Amino acid sequence: MCHALGTKRRPSISSLGGPDRKPSCKRQEGNIPPANRNGVGQTGRIDKSYPTVCGHTGPVLDIDWCPHNDQVIASGSEDCTVMVWQIPENGLTLSLTEPVVILEGHSKRVGIVAWHPTARNVLLSAGCDNAIIIWNVGTGEALINLDDMHSDMIYNVSWNRNGSLICTASKDKKVRVIDPRKQEIVAEKEKAHEGARPMRAIFLADGNVFTTGFSRMSERQLALWNPKNMQEPIALHEMDTSNGVLLPFYDPDTSIIYLCGKGDSSIRYFEITDESPYVHYLNTFSSKEPQRGMGYMPKRGLDVNKCEIARFFKLHERKCEPIIMTVPRKSDLFQDDLYPDTAGPEAALEAEEWFEGKNADPVLISLKHGYIPGKNRDLKVVKKNILDSKPTANKKCDLINIPKKTPDTASVQNEAKLDEILKEIKSIKDTICNQDERISKLEQQMAKIAA
């Protein structure tokens, strides 16, 4: 398990600096610097009249921040809709009730939303109708509907590294690996965990699948699977007999998986390697109060100067508490082994390219000089003209059947005007995009001069 620091291979986290150099944990304390008053460093009780995002007519069941735009968030609700919101750059001053787009297609409540990791404006949703829908948010269209692959409730959905496959865990005790564009199941494992309680399944960077679940005797388990051969797990470990479902959070840069049990007061973390026993226990963070839920900060939001490798936001009954994981180091220099190039905010593909069959790995950025956020461009939704839409060959994608109309002369003129307007909008958007890139470069130059 241990590797020398001088080897070409990146050393495992548990071997960096000896056994006392495993990641440690601390709660975030202290005052907020003035520059961070509106950021995640702000602490204290929120005023009862504080503005909220409140457009759904039923409880919100899941949310997901867009990986390519720090101001955009998607939400799924009991009202059977998915809504996509654009948060103002300086935060909310008034409650936000109007989403950028409402995505309607599920017949029952929507419990899962997940953005595509590399393609812009591609969003997945899964509902209690046992259907998975993949949307082009830029046009407000549902382009893929996987409505016949799951016979029971879907517990979770996870994209792989380049977004070409998804894996799902279901109440029928099956773990499925699915190619969404071909609309076929690539691999499947029945009774991945034999217990009746909920499972979770996520993709790892190397293409393997990591699952958590329960044994027949209600012991919590974790397992590692190769999708090319799912007859037997690569590794299977039994943990304890608690009832809390283990929620996995994965860092592909350090190959660490953090397991947070619902109702537990601890976070256990493991390193995944290609050497037996493959899943290596590192340590446990314990606290007094149980967690009702857990959020996870993207890598580019961490403080590299303090060797911070993970930050969680632990939800209590009445508060949200930051928990920071660090690897102790004596040197103040940038730690290359802790921070290999990580996924940045730039999308590798446009939505149309992905739906056409293209794949691309995440666009990586270096954190050596810290992450300097650029200006996020506004999310624009341009719904396609129904009259221009061509009938698709795949009936699964025909979510809405629209009667054909014979356009008259007036409608033809309107279409010509619409085309002119769309061309002008595209020209303006291209100009704005070029200006944004120029502003971003100037901001980076300023940051280097200031440093």
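Numbering starts at 1 and runs along the chain as displayed.
Cβ atoms here come from the backbone N, Cα and C positions, even for glycine.
Feature annotation from TrEMBL assigns compositional bias 'Basic residues' to 1-11.
Per TrEMBL, region 'Disordered' is recorded for 1-44.
The compositional bias 'Basic and acidic residues' annotation in TrEMBL covers 19-29.
Per TrEMBL, repeat 'WD' is recorded for 53-95 (among others). The average pLDDT computed over the repeat 'WD' (53-95) stands at 94.
Residues or ranges marked as repeat 'WD' in TrEMBL: 103-145 (among others). Taking Cβ pairs closer than 8 Å, the repeat 'WD' (103-145) reaches residues 58, 61-68, 74-84, 151-154, 156-159, 161-163, 166, 168, 178, 180-181, 183, 343, 347-355, 359-363, 379-384, 396-397, 399 in its own chain, all 6 or more past its ends.
Per TrEMBL, repeat 'WD' is recorded for 147-188 (among others). Secondary structure of the repeat 'WD' (147-188) per DSSP, as helix, strand and coil residue counts: 0 helix, 21 strand, 21 coil.
With helix defined as DSSP H, G or I and strand as E or B, the repeat 'WD' (103-145) counts 0 helix, 25 strand, 18 coil.
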